[in-house]
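**Student:** Dropping the structure in here first, questions after.
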Amino acid sequence: MVIFKTVNDVRSQVKEWKKQGLKVGLVPTMGYLHEGHESLIRKASKENDKVVVSIFVNPTQFGKNEDLGSYPRDLERDIEVCTRGRATAIFNPEVEEMYCDNASTFVNITGLTEGLCGASRPIHFRGVCTVVSKLFNIIPADRAYFGEKDAQQLAVIKRMVRDLNIDIDVVGCPIIREEDGLAKSSRNTYLSLEERSSATILNKSLTLAKEALNNGERDSLKIIEIISKNINTCNLAKIDYVEVVDSLSLQRVNYIEKSVLVAIAVFIGKTRLIDNFTFELQ
């Protein structure tokens, strides 16, 4: 496992692999890797000759009162996960390597970023798109892998790649869950034992919504009500949003006639967790 710290070094290596006709996969992460990340790395290693995992806590996607300073970091643990997943290399730059002094160029996408997480985190996706576009430029991979837990992020990145004619395939990968249904997340480490137990309310509430949809319910407000009512039975839970949106446009729908994304964001104590599922009409 080789660890690159500079743009020039990782770019040179990837270009050399490409000259040899090798396929390269990229797994962009902020580190503190878990089984969800490992599943992305494993998929990338099966579909490519070489895999680069980027580990970079990107400051431009955090708001003023968010958890940039406390975001968990453990490079040794990350190296172990990358090794198990059969990654070839890690790109672990410092902030100064990724952003020069007085950097003034950012990538901003309208429409898709305005609802869901974008409503309460207004600068988040500008930071995400900027750093991901930089990574795509630094590491000219054939494919990039992202988890479907961050469904809005996945949709936004796919749109950015389409709109900017970036030559890379964006691959979405299924949500990986704990045994009790909680979606794997680096932020789960913030939860106390009581909060961790309460956090299962997210998946339980989505499961109730899924059952209602499978039984024929098509009114989005009814689905939102089912989820919200169940979440509100948990004293430690505070809803940020519960939405039913078109899977492609991420616009709210009133009546479900095609594929929709059912997405939620909930504070358990001070920790903000997200989860979702996609419902496909048969």
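Note: Cβ is positioned from N, Cα and C throughout, glycine not excepted.
Keep in mind that what you see is a predicted model, and the values were worked out from it rather than measured.
According to Swiss-Prot, the protein carries these features:
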type: BINDING; residues: 30-37, 147-150, Ile176, 184-187; note: ATP binding site
type: ACT_SITE; residues: His37; note: active site, proton donor
type: BINDING; residues: Gln61, Gln153; note: (R)-pantoate binding site
type: BINDING; residues: Gln61; note: beta-alanine binding site
**Student:** Within 10 Å of each Cβ, count the other Cβ atoms, then let me know which of the binding-site residues Met30, Leu33 comes out lowest.
**Tutor:** Met30
**Student:** Tell me which of the recorded positions His37, Gln61, Gln153 ends up closest to Ser186 (ATP binding site) in space, Cα to Cα.
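**Tutor:** Going through His37, Gln61, Gln153 one by one, the Cα closest to that of Ser186 (ATP binding site) is His37.
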**Student:** Whole-number answer please: how many Å between the C-alpha atoms of Met30 (ATP binding site) and His37 (active site, proton donor)?
**Tutor:** 10
**Student:** For the recorded positions Gly36, His37, Glu148, Gln153, Ser186, which Cβ has the most other Cβ atoms within 10 Å, all shown protein chains included?
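**Tutor:** When each Cβ's neighbours within 10 Å are tallied, His37 tops the list.
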**Student:** Give me the Cα-Cα distance between the residue listed as 'active site, proton donor' and Ile176 (ATP binding site), rounded to a whole Å.
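**Tutor:** Ile176 (ATP binding site) has its Cα 9 Å from the Cα of the residue listed as 'active site, proton donor'.
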**Student:** Write down the Cα-Cα distance for Gln61 ((R)-pantoate binding site) and Leu33 (ATP binding site), rounded and given in Å.
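**Tutor:** A Cα-Cα distance of 18 Å.
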**Student:** Write down the Cα-Cα distance for Gln153 ((R)-pantoate binding site) and Gly36 (ATP binding site), rounded and given in Å.
**Tutor:** 16
**Student:** Report, in whole Å, the straight Cα-to-Cα distance of Gln61 ((R)-pantoate binding site) from Glu148 (ATP binding site).
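**Tutor:** Glu148 (ATP binding site) to Gln61 ((R)-pantoate binding site), Cα-Cα distance: 18 Å.
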